[in-house]
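Colleague: Residues or ranges marked as coiled coil in Swiss-Prot: 82-117. According to Swiss-Prot, the feature compositional bias 'Polar residues' maps to 134-155, 207-234, 253-262. Residues or ranges marked as compositional bias 'Low complexity' in Swiss-Prot: 235-252. Annotation source Swiss-Prot lists phosphothreonine at 153. Residues or ranges marked as region 'Disordered' in Swiss-Prot: 134-160, 207-269.
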């Protein structure tokens, strides 16, 4: 029961790391270990073993706590970066929403402008102009339109349009111009309204058909005026009787032109007794003055003077 054990015994409760309160040189004969002493030593050894066994667990807990703090720090960094990215996305979204609202506002303004009366008026004017270009503005003739051809070029279309417009304009002018009788053309020495008759027959007929001496209109066949008095000859506006004879030369004051007497000759309208005394030439400029009593023809001669011919009105 009273077994003596040294402090260095490995089977002792304290083990190798146990602090022995006695010296190892103490012999068993000198030490009297009672039961109470052994119990007290054994209890103290248990307490020391418990404290030594709890040491490594505390270090592991500290290591785990450090790792958790590091992980929390890294997670906080990631969270802050995600928060900043989210904020940037929110700012971009706000900008896009503002731009979208501005585009909607501009679209509404454009719709209001297109629906305004000004644009509608312009559209109507454009339709009218296109309609006028499609149809003739001179003489509308639906039968004269050329059918559309898919293989026609723009140049041919433009030429065809010019030809159509020219033809319609010519037709309108031909319809609006009055019909000139043949005896009037022969009197003026013309083949037609736009052509001068230079044939010998026309010249001969104008020169040879002189009025008779007893004809009432024989005194009005021709009167020669110098260039200095040409303005006086063309200033007759109402009747030949208003033309003053004071502006004529002294050699021509006795001319019947100064005080004409109007008579109605008994000749047919197709006769040429009262025609020009000279023929017409391409370089001659003929001016016609119409009066209630008849017509006056004034033209420039080759010497620079003026030829005046009075044609009384013929009775029907």
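Using N, Cα and C of the backbone, Cβ positions are placed for all residues, glycine too.
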Colleague: Give residue numbers and ranges for long-range contacts of the coiled coil (82-117): same chain, 6 or more residues beyond its ends, CB-CB under 8 A.
Modeller: none
Colleague: Over the coiled coil (82-117), what is the model's mean pLDDT?
Modeller: 90
